[in-house]
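Peer 1: My structure is below; once you've seen it, I'll send some questions.
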Amino acid sequence: MATAAAASASEAEPEPKAGPTAEGEEDGVKTARTRRKVLPRAVAAAAYKAVGPGWDQQEEGVSESDGDEEYAMASSAESSPGEYEWEYDEEEEKNQLEIERLEEQLSINVYDYNCHVDLIRLLRLEGELTKVRMARQKMSEIFPLTEELWLEWLHDEISMALDGLDREHVYELFEKAVKDYICPNIWLEYGQYSVGGIGQKGGLEKVRSVFERALSSVGLHMTKGLAIWEAYREFESAIVEAARLEKVHNLFRRQLAIPLYDMEATFAEYEEWSEDPIPESVIQNYNKALQQLERYKPYEEALLQAEAPRLAEYQAYIDFEMKIGDPARVQLIFERALVENCLVPDLWIRYSQYLDRQLKVKDLVLSVHNRAVRNCPWTVALWTRYLLAMERHGVDHRVISDSSKELEELRSAFTRALEYLKQEVEERFNESGDPSCMIMQNWARIEARLCNNMQKARELWDSIMTKGNAKYANMWLEYYNLERAHGDTQHCRKALHRAVQCTSDYPEHVCEVLLTMERTEGTLEDWDIAVQKTETRLARVNEQRIKAAEKEAALAQQEEEKAEQRKRARAEKKALKKKKKTRGADKRKAEEDDEKEWGDDEEEQPSKRRKVENSTPPAGEAQDLEAEMGLFGKSAPVDVDPPSKQKERAAALKRDMPKVPHDSSKDSITVFVSNLPYSMDEPEVKLRPLFEACGEVTEIRPIFSNRGDFRGYCYVEFKEEKSALQALELDRKTVEGRPMFVSPCVDKSKHPDFKVFRYSTALEKHKLFVSGLPFSCTKEELEEICKAHGTVKDIRLVTNRAGKPKGLAYVEYENESQASQAVLKMDGMTIKENVIKVAISNPPQRKVPEKPETKKAPGGGMVPRQIYGARGKGRTQLCLLPRALQRPSMTAAQAENGPAPQPAVTTSAATEAPKMSNADFAKLLLRK
């Protein structure tokens, strides 16, 4: 029975036959023409001109008049009102202008990858068949194409393939496509397309060859290899041959010996298909493969859970495979990793290094090296390894250089390198790409040593010196050594004399080399000239150095003077500030003396001073006052009300405080509900149906004030813990126009750091943050806009505590690529006259408030709480104690502002203030 894959492939690719046209073939031609009608006008016209009359007469036997009639009908149908118009509309003109711009840009920089992709897309949209083929061909010559680009190209060519020559052209494209990357989908398409040509000569062998190569390439792929095995097996099952049963048996047995996902279903299918019992050896291989599958599953699941490019997961998988040492599987995992990480040079280097050292197969090694430099042409290490590999495997020099003129090519390569550095680096970035001129130095060495062309080497060194290197002694000595090895004494002397005049970093070294050379090889006249020049040069250099040192010393002295001036200015400013502070203290002291002198006569004094200084309580009230002040110097109450009223007010406030009847032992089955409307009537009745959907509710305890007003929160206690966990999903549910907050019931006194924030605060590449939305925008309206760019999993409109929208939203897509596409399309979009902003969700780091810690004194002890009064140190930094009570704690106050002098031996008697009785405290408070 023919399989679905083979049948669909055969039906999709009908083969032309010689002789009279059959009825089925006429239907096939009409179908092909009908398919072409849905293309743009330019596509249909170009296709008709390319294969129209001749193909109709030779291959199908259809008359030219019939073809013209059908084409005229198609053209008239297409040119009817409401369909394609012959005149270009504004969009077509815009596309044509964009195509011209992209072509011009590619003429300037042919290595612009995105420009190639955009040009192919526009040409395909406009139906420019010839141009789109040429654009794809040019791009494939420069860059390896991705699986998506190849499949799009192949589908276009398959849809236009009409005869055997076109089929051969498609086969050639498939062969190119499978060489760039490991692509299971392309191999599957290749196999299914080859099934359509089974009627041709050698068609059966072609199909089997393609499937066997596909199994060698991706048959070990644990997640995608299964499709190749099934397609091959179904093809063999569909062929009516005597030997087909044995081939299907072999395919089943080969597949069951390899660890693949869903092996159990394949084994069950084999048991059902086979009429004979399965041999014991096959079962043993199957069980062994299952054990291997369990070892591989953690790495495959890590890849499935991670997001592309998953480099770390692939690296771990590669390490695992290399420990096992199966070359086929190591090669497969490298190829899988390179599909998503083709621009990582280190991965290519590791792959090529493994092939160079382990497999050493010439065709495979050179193919991988070639693909590496095509993917990462900017990496020098990859080119170096490629050249070494070609030399190691004895590749003909013509293959490497494409020419026999070696010297001209070498010089041309050096020239191109220098021009590239000048145009791409120096002119763009105003920086030298080769400041030490290493390329020109190597070129000069090759000219001198290998070509015996010292004249060219000297020209190159002249260029090196003119690029700002003449002031460095090491550059001159490098040139001198080259002249000593391959030149003559005259040019050596000339180079050293120039070096003496030009060198500024280490002239003594150059002078010493010149004198050494004249001492051993020069005449007396040459020696005298060298001594005179070196002495003159060194004297000038010493003068320049002395002047530079004096200038540097003057600058240093100026800096010291400026620093001294700034220091004096700061000291004067500090003294002035201290003087003003002293005057202010004297003024305040005088005012206080006036207050003491006239305090009895003034009536409108502050209540606390009137209470402390001007009030003399009766003997009975002194005891109450003493009890209120305490024994540790706590500040007196500020309120002027008598103590009886204060006690009544405190009692009333305590009565008004709501009591929260909650058992902390039931926290696991209780949730805390807040942000409810204060105006909610009978909250227990209204909330019970809502929470009973999560499980059986034991009790709902709304919190009321003593006046009977609902406080806006409550406790909901369930019978089971799982019901409480399910109730947390009701968080942010709208209740009477406000979002209801549902959180776990946690005792904050025992867990002060507990916080509930249900949303992620980290970078989420599949989620978008949308701002600037109109307040009237609903979730449904936003979803309608977003789903045009991908599958929307969730949308959350941000609201305030009252449930009012804030104009913000979070949109979660199915994957990262859809989110990136949505950002490009939606950012800057206008919705209801509001321009929105769209970005990948990356909330800023939430500030964690610092924990209040008990301050320590510089000596290490805890600062007594009495220093700041009963309520601690207030924001106003004012002390409410009388000055008389502050005297015993001055030492502690100094310790708080800075380290106070400590005695050599610290005792409890020395550090603590002298103890006073209650009578002493009363005398301090009551004295005038």
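Each Cβ is built from the backbone N, Cα and C atoms, and glycine gets one as well.
According to TrEMBL, the protein carries these features:
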type     : residues : note
COMPBIAS : 57-71    : compositional bias 'Acidic residues'
COMPBIAS : 567-582  : compositional bias 'Basic residues'
COMPBIAS : 592-604  : compositional bias 'Acidic residues'
DOMAIN   : 669-747  : domain 'RRM'
DOMAIN   : 766-843  : domain 'RRM'
REGION   : 1-36     : region 'Disordered'
REGION   : 53-89    : region 'Disordered'
REGION   : 557-620  : region 'Disordered'
REGION   : 843-863  : region 'Disordered'
REGION   : 889-914  : region 'Disordered'
Peer 1: Can you give the mean pLDDT for the domain 'RRM' (669-747), rounded to a whole number?
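Peer 2: Mean pLDDT for the domain 'RRM' (669-747): 88.
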Peer 1: What is the three-state DSSP composition of the domain 'RRM' (766-843), stated as helix, strand and coil residue counts?
Peer 2: 22 helix, 32 strand, 24 coil
Peer 1: On the DSSP side of things, how many residues of the compositional bias 'Basic residues' (567-582) fall into helix, strand and coil, could you say?
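Peer 2: Split by secondary structure, the compositional bias 'Basic residues' (567-582) comes out as 16 helix, 0 strand, 0 coil.
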Peer 1: Would you list the DSSP helix, strand and coil counts for the residues of the domain 'RRM' (669-747)?
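Peer 2: Tallied per class, the domain 'RRM' (669-747) gives 21 helix, 32 strand, 26 coil.
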